[in-house]
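*Asks:* As annotated in TrEMBL:
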- 24-43: transmembrane segment (TRANSMEM)
- 83-103: transmembrane segment (TRANSMEM)
- 115-135: transmembrane segment (TRANSMEM)
- 169-189: transmembrane segment (TRANSMEM)
- 201-234: transmembrane segment (TRANSMEM)
- 255-276: transmembrane segment (TRANSMEM)
- 311-374: domain 'MIR' (DOMAIN)
- 385-442: domain 'MIR' (DOMAIN)
- 446-506: domain 'MIR' (DOMAIN)
- 590-612: transmembrane segment (TRANSMEM)
- 624-642: transmembrane segment (TRANSMEM)
- 654-674: transmembrane segment (TRANSMEM)
- 686-706: transmembrane segment (TRANSMEM)
Amino acid sequence: MVSANFRGLAKPFCRMLGFLKQPVVVAAEINVNLVALTVMGLVNRLWALSYPRAVVFDEVYYGQFVSLYMKRIFFVDDSGPPFGHMLLAFGGYLGGFDGNFLWNRIGAEYSMNVPVWSLRLLPALTGALCVPLAYQILVELHFSHCAAFGAALLILFENSLITQSRLMLLESVLIFFILLAILSYLKFYNLQKCSPFTAGWWFWLLLTGVACSCAVGVKYMGLFTYMLLLAIAGVHSWHLIGDQTLSNVSVLCHLLARGIALVVVPVAMYLSFFYVHLTLLYRSGPHDQIMTSAFQASLEGGLARITQGQPLEVAYGSQITLRNVLGKPVPCWLHSHKNTYPIRYENGRGSSHQQQVTCYPFKDVNNWWIVKDPGMQQLVVSNPPRPVRHGHIVQLVHGITTRYLNTHDVAAPLSPHSQEISCYVDYNISMPAQNLWRVEIVNRESDTDVWKTILSEVRFVHVNTSAVLKLSGASLPEWGYRQLEIIGEKLSKGYHQSMLWNVEEHRYGKSQEQKEREVELHSPTQADISKNLSFMARFTELQWKILTLKNEDTEHKYSSSPLDWITMDTNIAYWFHPISGAQIHLIGNVLTWASANVATLVYVCLFLWYLLRRRRKICDIPEDAWRLWVSAGGLCVGGWAVNYLPFFMMEKTLFLYHYLPALTFQILLIPVVLQHLTDHLCRSQLPKNAFSALMVAWFSSVYLVYRTFSPLTYGEPTLSAAELRALRWKDSWDILIRKH
């Protein structure tokens, strides 16, 4: 019985081991073209990556942010979101960079603690991977492998793309994610035709959204391509809705999948970039001043150290500093000093000759004010404290001079249509004090809210005239020490940030004696302000600052206009060795740029010709070829247009490297046009052979131009003055030649 059971168990076991009788074979398909292009791209971009071991052009800019990441110090960069900076900082982290290097000038030699190779590695890798991505994009567009290989080679031998990817810069990272998004969507779209809702279908759809989010997270220029892909996806979705073979449920599922992958996922990822950014940068730094008091208090050190232990609720008798919420043109605090307004201004207008009230952009003892109850004389906090609530009437007493904040029907110094703000001085003349102010908490949750330190944004409305205390932003003349003008805005509606104030520093006053009051630092209660500011509040503020903060635009030696980019009439000298004369320039492959322009012109002309002919019911090319021509052109020409034309509307300093994403799309168009000409315009074998020979000669010329300018791309070998002059193919190029 046991033997029979054993035999019964042994049979299936033997069948399970039967596969061992045959060898285990794993088959894999390797695209040799793809492997070769990847290897060539890596060699092309990674060769001698640590050279030069000196700060090159905008490395002086990005390096500062990398150092701040290493030290966990908060900063704001108005050029774009933080994802690109975090990627560069990740390279520094992998190389063990401690952040200790002074990025103060281009050409400064890197110290031994700076891992130059590691810092430049990520841009170089992404630049190298753009080569195989270009190949795959044309394959997914259903062009020949020969055309795809040609597109990859053009990317490989484009000098400007090489230069930009071999330095600690972000353009190559941006272009990589743009191309990855394009490739992912094409793969998803091709799978849509045969196997929707499979694992591969979902993978490429989600990767499209992820890549778009990463592109936008590196630079806002990525938004242009993202909008293009959303438009293409919208057109395809419109076609899906009209597909009668799909049920209503199926169409709904398709639309939901696209909405989640192309909208929800990118938004969630974009938020995650800021979450990581704000988590890493938790320490106070030099950029804090442009943020609100609440934001500053959420950072370790700085204002957080000053405000720790402050009373949370403002009470009668509180000693406070009032910061204007707008923070423009610079962050400033309500301020007064003993000087008075001049009796008459330069234009002959008279003033009240009262004590000046200004907005001062530095912390100062004259920024302190005391919140007084109009019905009582005391300037100290009672026990228990009586909190000030929304709608309460207060007087604001200047801490040092003990004069009351006042306004009246006298024109402001620089804003004659508004009222002057002063501290009342009794000259025994017919100008009675008008120093009552109503506290209005703008961000209140109810009409009984208490005025809170840092958290509350308040308006001060003058009781007698209904004027609102406001920062005009104008700088006073010398008699006002160039401080910012404060005015009473009449008949104001709404809550512009220039009218809003928040308490930044706060303590409860305990002494009636003036000298003792000035040194009071007692903090009776703890108020952890940082926990009251949510991530979304910090994200919203930081995002708004990035979008609205503008550095003073100064004309740069190498700035250029978009018109200069198409014909490459400009270049940028990135680095110059002071002894050997070796140099690195952002100069493109002249032949490739010219060919890209010709290809764009040929495409547009042929497209319009075909379109007009088709309108007359004349089809010059088959329907499949027409659809391919439209889809490829819509992607390449559309990508060029959306990444180029918006710069004509931008009021900022522009450089040649801003054109590189648009140029990449143009380069992809060259093989598209060449294959179309070969397939549809060269009817017989003889023209095809001649055209092929011409293409070989043209590709050889592209390579020769690349080799000719490679010393300016890689910074070596060093060229003589005569050789440098020979490379100045255009008079507008600034090739640096040493004077002996």
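Positions of Cβ are set from backbone N, Cα and C atoms, glycine also.
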*Asks:* Same chain only, please: residues at least 6 beyond the ends of the transmembrane segment (624-642) with a C-beta under 8 Å from a C-beta of the stretch. Say none if there are none.
*Replies:* 141-143, 178, 182, 224-225, 227-228, 232, 600, 603-604, 606-607, 610, 614, 661-666, 668-669, 672, 676, 679-680
*Asks:* Looking only at the domain 'MIR' (446-506), report the model's average pLDDT.
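*Replies:* Summing pLDDT over the domain 'MIR' (446-506) and dividing by its length gives 88.
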*Asks:* Who are the long-range neighbours of the transmembrane segment (115-135) in its own chain, taking Cβ under 8 Å and residues 6 or more past its ends?
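*Replies:* Apart from its flanks, the transmembrane segment (115-135) reaches 33-34, 37-38, 40-42, 44-46, 49-50, 53, 63, 66, 87-88, 90-92, 94-97, 148-149, 151-152, 154-156, 161-162, 164-170, 172-173, 175-177, 179-180, 183, 664, 667-668.
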*Asks:* Apart from its near flanks, which chain residues at least 6 from the ends of the transmembrane segment (590-612) lie with a Cβ under 8 angstroms of it?
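*Replies:* Sequence-distant neighbours of the transmembrane segment (590-612): 154, 157-158, 566-568, 620-621, 626, 629-630, 633, 636-637, 640, 663, 666-667, 669-670, 672-674, 676-677, 698, 701-702, 705, 729.
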